[in-house]
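Heads up, the thing below is written out as structure tokens.
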Amino acid sequence: MIAFIVLLSLAAVLQQSSGTVDFASESSNKGENQKQIVKKHNALRRSVKPPARNMLQMEWNSRAAQNAKRWAERCSFTHSPPSLRTVGKLRCGENLLQSSQPLPWSKVVQAWYDENKNFVYGIGAKPPGSVVGHYTQVVWYKSRLLGCASVKCSPTKYLYVCQYCPAGNIIGSQATPYKSGPRCADCPSACVKGLCTNPCKREDDYSNCKSLAEKNKCMEEWMKSKCPASCFCHNKII
């Protein structure tokens, strides 16, 4: 989801209150900026309310960053097609922001997160129809790989793109982007400052794999092939 009018208005307010920033200095090609982008995301994921029991810690992914850069350079100001948002077998989500002036990455990520003012856990957007998809992607529990890029499309148009793998905003689950509960309750032995560090790196092909696994279907070969996460990722965040 994207709503440039809302995000542009917010970006303009943030820019006016924070002064100018050198666009080149915020390049996501720089290692220190990559670390800051990841740090900002993890800080926000750690601070969700209600707290999350299964929120994975994010890390930078160069392939996702390359995909984000290639798309940003097109200056199309629309979401990239899913076929251009993959890292290995993972399908990735995407957040965009357009600004009339350059912004520090911390402000960009915060702008996405601030949609939480119109989000109620377990209910979703409130009032109904409010734009909250950028927020829910930032805090989607399973999105653990992150790559971002920005481009100056014109003197008054700057585009910021982040891709998240695996993708969030799964249809039917947007109101619960994570499981609420005590921080790290689902990963007590793999927790760093409230974030889980034990992701399952396998992906199920079907949405009902978990229920099938609970019925001891993992003894069957087709199940092992189509539901590897549910069958093999014990004590991991799936």
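Along the chain as shown, residues are numbered 1 onward.
Each Cβ is built from the backbone N, Cα and C atoms, and glycine gets one as well.
The disulfide bond recorded by Swiss-Prot for C227 reaches one of C196, C200, C209; that cysteine is C209. When you check Swiss-Prot, the disulphide partner of C233 from the set C196, C200, C218 turns out to be C200. The disulfide bond recorded by Swiss-Prot for C196 reaches one of C187, C218; that cysteine is C187.
Considering only the disulfide-bonded residues C196, C231, C233, the residues lying within 10 A of C209 (disulfide bond) on a C-alpha to C-alpha basis are C231. Across the structure, C196 (disulfide bond) and C184 (disulfide bond) place their CA atoms 6 angstrom apart. For C200 (disulfide bond), the same-chain residues 6+ apart in sequence whose C-beta sits under 8 angstroms from its C-beta are A229, C233, K236, I237, I238. Straight-line distance linking the Cα atoms of C184 (disulfide bond) and C165 (disulfide bond), rounded to a whole number, equals 20 Å.
Working note on the disulfide-bonded residues C92, C153, C162, C165: by count of other C-beta atoms within 10 Å of each C-beta, C162 ranks first.
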